[in-house]
Amino acid sequence: MKMIIAVTFLGIVTIAFAEECRLMQPAANFDAATYFSIPHVYVTHSKNEPKTDVCREYDTSKTDGGSTTVITSNYKIKGQAVNNKVTCTSTGLKNGQTGQFSVVCQPPTGAAVTLTTSVLATDNQNYAILQRCPTSGQGNILVLQTAKEGVNPGVKDFFQKKGWNIDSWFSRTNVNCENIQS
């Protein structure tokens, strides 16, 4: 009986830790000054749920202490329009690591959310692959591009090197933001 309890406990602990998000290595070519000058991007692909992530746009502006990003969501779920804005403020580099930083996001209602992020790949102009991790639970990886349609060759190269299949991710192509079915 003790063995069954021990194995069950170990299984629960393993599952709990498997769901924890761990930041991946950031892009070596990350340049904060240039990266945070990209004014407007679309989330074109999302690895995990919620699929509504691909219906978002990011508008970033520099501030004295870092940057502020306004994330705008525009989509319809079963005919019901959802339009909201979340303001995220960069609170600095994570452990001094270039390409990794902490952000505090304030949704329209409710408490602020703190995330740690890692820019996995970028050309600092047209695209970025951004990993975001909440303080607990599973994170997500997003493809951000200045072009609403298509896939930048740099994104394709990164996915190929990682052995990832972009066609298996949620995208603006396979998620209809005007009529999302739950």
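The backbone N, Cα and C atoms fix where each Cβ goes, and this holds for glycine too.
Here CYS21 is paired by Swiss-Prot through a disulfide bond, and of CYS105, CYS133 its partner is CYS133.
Within 10 Å of CYS133 (disulfide bond), as judged by C-alpha distances, no disulfide-bonded residues are found among CYS55, CYS88, CYS105, CYS177. Here the Cα atom of CYS55 (disulfide bond) is found 23 Å from that of CYS21 (disulfide bond). Distance between Cα atoms for CYS177 (disulfide bond) and CYS88 (disulfide bond): 22 Å, as a whole number. Each of the disulfide-bonded residues CYS21, CYS88, CYS133 was scored by the number of other CB atoms within 10 A of its CB, and the lowest score belongs to CYS21.
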